[in-house]
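Participant: Sending over a structure as structure tokens; questions will come in a sec.
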Amino acid sequence: MNTVRVTFLLVFVLAVSLGQADKDENRMEMQEKTEQGKSYLDFAENLLLQKLEELEAKLLEEDSEESRNSRQKRCIGEGVPCDENDPRCCSGLVCLKPTLHGIWYKSYYYYKK
């Protein structure tokens, strides 16, 4: 009976000591994986930030082009009313008093140069 107890005690001590070693090993392994995960997350975060900055630059570029085009479209064309005191004329147009049509409105219109 004593040999059974000694054998059981020996197996128990070995299991506990090896289990502790595995636990420490697992803890160290998890720390390494966590550190690797952090570096991967930092890399992914930087990559995402670069993509967002590129997208923002494209959107701002499109907005500036759109506003530039819309300004040109507002006064493009002949016969559009304008202000005689406002020097902002579109290229190729000049703000003049109408000769025949529109004289009853008492305003100036864009005409081609």
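Every residue, even glycine, has its Cβ placed from backbone N, Cα and C.
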Participant: Taking Swiss-Prot as the reference, Cys95 is linked by a disulphide to which residue in Cys82, Cys90?
Facilitator: Cys82
Participant: Near the Cβ of Cys82 (disulfide bond), how many other Cβ atoms are there if near means within 10 Å?
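Facilitator: Other Cβ atoms within 10 Å of Cys82 (disulfide bond): 19.
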